[in-house]
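Asker: When I checked TrEMBL for this same protein, it listed these features:
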type	residues	note
DOMAIN	21-128	domain 'PH'
DOMAIN	138-173	domain 'EF-hand'
ACT_SITE	H308	active site
BINDING	N309, E338, D340, E387	Ca(2+) 3 binding site
ACT_SITE	H353	active site
BINDING	K436, K438, S516, R543	substrate binding site
REGION	445-476	region 'Disordered'
DOMAIN	487-603	domain 'PI-PLC Y-box'
DOMAIN	606-731	domain 'C2'
BINDING	I645, D647, N671	Ca(2+) 4 binding site
BINDING	D700, D702	Ca(2+) 5 binding site
Amino acid sequence: METNGIENKNNGMENDRDLQFLLKGGDLLKVRSSSWKKTRYFRLMEDCKTMWRESKRTFKTSKTFKVDEISAVRMGRQSDGLRKNTEEQVESRCFSIMFKGRRKNLDLIASSEDEARQWVNSLQKILSGINNLSPQKKTEHWIFNCLRKSDKNKDDKLSLSELKNFMHLINIEVDDDYAEMLFEKCDKSNSGYLAEEEIKHFYDLLTHREEIDVIYGEYAKTSGFMSPQNLVDFLKKEQREDITLADAHNIIQKHEPDETAKEKKLLSKDGFLMYLHHPEALVLNPDHRGVYQDMNQPLNHYFISSSHNTYLMEDQLQGPSSTEAYIRALLKGCRCVELDCWDGSDGEPEIYHGYTLTSKILFKDAIKAIKEYAFKTSDYPVILSLENHCSVEQQEVMAHHMSSILGSALVTSPLGDGMPKGFPSLQELKGKFLIKGKRLNKLEATFAPDNTEDDEEDMTEEEESDDEDEEQEKKKEKKKLKLAKALSDMVVYCKSVHFHGFEDARQNLSFYEMSSFKEKKALELAGESANAYIHHNVEKLSRIYPAGSRTNSSNYNPVPLWNAGCQIVALNFQTTCTAMDVNQGRFLINGKSGYVLKPAYMKDPSSEFDPVTLTQGEWLQHKMLHIMVISGQQLPKVSQKKSSIVDPLVRVEVYGVPDDNSETKTSAVDNNGFNPEWNENIEFQVHVPDLALVRFTVEDHDSATSNEFVGQYTLPFNSLKMGYRHVPLLNKNGDLLPSAGLFVHIMVTDAN
């Protein structure tokens, strides 16, 4: 089985200096604590996908991680562990490998700065190579990697028993007769094993897509190929695309792999499949992938991707706090992060979950991390939500750190001249930080001619802490909390105030005064007074946060709060769950900017929209969503047991106003995660498309216990493309599953 070097060649890196460096490997000092620093030999395996390490003491070799499990490689003492456990003088020799999910960082020290930089650059290059592969290349990598694993005796040939083992690895159960039939069909030399071209033939048989054959055959009317006109016919009739002949020529030039066909301006079946796998042809409207919405509207006219207790990596009671948690949230497009601030030792404020055993991080380290990563995914403003429990002295330190670290990016006074009458636009706030917290006085007072005030003022801790459980709050004695003027003055557009009802807010609160609501209270208001809540959010901001009883960092459903116009619906970003999948789907569009424009009727002060009662209005656009779930491709195993094969089914859900919430599922396909076929039709009624989200979930059916999650993809209803579409799948951490996906047909029609 001639697969040696296939991974390298597909990456175009076979003679690359950085790749050769990784394949050779070298000694690195692994850091776990100030006293645990041990030398380990690291190198990249020949498959170019797996890093191995060897202990110098025991010479024990063990596989440590896959390259595609890495989320980032960072030079310097950027991790909490390296900052805590190493001295500043080794800064230039340090680097960290960050992983997807909850796996701990790997903190390492090289023997020199040059060597550290070589490791970082080499790992980043191979990571980039994997991430930039086409779906076809990812499939080839995965299949050939499985072939390599199956070749037990490493003779570059595939016996019948090795072929059966390979089928298990790629998640497909076949009976012995079918395996023998496939084997005999490919064993042209009658040698009893497959080699070279025979393996290629086996691969072609395996990856053959009958459903693509049928669609292609319907439109390939030019000597067995698709002409530009044939392609136009397909794209207009099936895909409902507004396409020209010139566009069809461009698609052929871009996607046709066969040069002869390309010269004749024809699209082969392979080229057709490559096009259907391209991002511009997937289920998500490509026009919605970048920033496409009007970003010149006021801040409060948008839903804002928001995190609760952002510093936590795990649960709310004893899990670790980390600057890495801020980095991960920001890189996912989160635009509102929370900082729980308490007095620390040596006069330095700390961040942790008060009255619990969660670990602590320095406030200044969190601000530094936020500054560095705030605008890597999105250019639009970041709100720092402060929960302040610090003494006046340490509040002054907080103000100093934010001012010195964030600099001119920190908004410390209203934009423009004079007292503002409303929020600035996102465009005006690009690259800016806003502070949400308590303020000593009204913003209007700063424009008064006789503006004099104390440097500090008493606040009750009950009002200040919006994250304590209600029963505990009532039992607490109302301790006085003093507020430092320097910190107070940094609060401009997001002043925290207590909520005393919609009428009180309308009469007594300015636009910049905002309240935080526990999920229970918010859900009650969204259910019983949705229209009043929408009116409140037309002028002001609202923040919602999880109940204190969610000590395991679970999440509530954010959809009913978005339906009520709430902008800052804060979730535990560190938790993998349906609510976070839905949140990721809501903010998948508009350049993953973390801001999604609310519909016009949720920005209108006289709006009669109520998501619960659904009276007539512009929001009511009754549609029928028709989905045919056709097939799946390369679904990953849930269990790593050799004998375990997925029995996949597809669950499709619609989230939106109460009348639109619905779900249905296909039947399960037994023992086939490689290329299951369903060909099942599903229909949904959708009354308010603007607020609806569609979620595709693949589950491993189990009749004895609950089904296991395999992958999912969620996107806004209005971002669906019609026709034959591939649906990518994300794992439980929200990361793309390479090669895995669904193939569906989608049609949206007006309901009668």
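Cβ coordinates are placed from backbone N, Cα and C, and glycine is handled just like the others.
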Asker: Go through N309, S516, N671, the listed binding-site residues, and name the one with the sparsest Cβ surroundings, counting other Cβ atoms within 10 Å.
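Answerer: Output over binding-site residues N309, S516, N671: least Cβ neighbours within 10 Å is N671.
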Asker: At the Cα level, what's the spacing in Å between E338 (Ca(2+) 3 binding site) and H308 (active site), rounded?
Answerer: 6
Asker: Given the binding-site residues N309, N671, D700, D702, find the one whose Cα is closest in space to the Cα of S516 (substrate binding site).
Answerer: N309
Asker: Would you mind reading off the Cα separation of H353 (active site) from D647 (Ca(2+) 4 binding site), to the nearest angstrom?
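Answerer: Here the two Cα atoms lie 42 Å apart.
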Asker: Count, for each of the recorded positions H308, H353, K436, K438, R543, the other C-beta atoms lying within 10 angstroms of its own C-beta, and report the residue with the smallest count.
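Answerer: Each of the recorded positions H308, H353, K436, K438, R543 was scored; lowest Cβ tally within 10 Å is K438.
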Asker: Of H308, N309, D340, K436, which recorded positions are close to D700 (Ca(2+) 5 binding site), meaning a Cα within 10 Å of its Cα?
Answerer: none
Asker: By CA-CA distance, flag whichever of H308, D647, N671, D702 among the recorded positions is nearest to D340 (Ca(2+) 3 binding site).
Answerer: H308
Asker: Let me make sure I understand the structure: which of the binding-site residues listed (E338, D647, D700, D702) has the fewest other Cβ atoms within 10 A of its Cβ?
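Answerer: It is D702 that, of the binding-site residues E338, D647, D700, D702, has the fewest other Cβ atoms within 10 Å.
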Asker: Could you give the maximum C-alpha to C-alpha distance in Å for the residues K436, K438, S516, R543 that bind substrate per the record?
Answerer: 14
Asker: Should any of the binding-site residues I645, D647, N671, D702 have a Cα within 10 Å of the Cα of K438 (substrate binding site), which are they?
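Answerer: The binding-site residues close to K438 (substrate binding site) (Cα within 10 Å) - there are none.
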Asker: Determine, to the nearest whole angstrom, how far the Cα atom of R543 (substrate binding site) is from the Cα atom of H308 (active site).
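Answerer: With distance taken Cα to Cα, H308 (active site) is 10 Å from R543 (substrate binding site).
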Asker: Where DSSP helix means H, G or I and strand means E or B, what are the helix, strand and coil counts for the domain 'PI-PLC Y-box' (487-603)?
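Answerer: Here the numbers are 49 helix, 20 strand, 48 coil.
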Asker: For D647 (Ca(2+) 4 binding site), find which of the recorded positions H308, N309, E387, K436, D702 come within 10 Å, Cα to Cα.
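Answerer: Hits: D702.
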Asker: Including all protein chains displayed, how many Cβ atoms other than that of I645 (Ca(2+) 4 binding site) lie within 10 Å of its Cβ?
Answerer: 23
Asker: Around E387 (Ca(2+) 3 binding site), how many other C-beta atoms are within 10 angstroms of its C-beta?
Answerer: 24
Asker: Using C-alpha atoms, which one of the recorded positions H308, N309, D702 comes nearest to N671 (Ca(2+) 4 binding site)?
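Answerer: For N671 (Ca(2+) 4 binding site), the spatially nearest of the recorded positions is D702.
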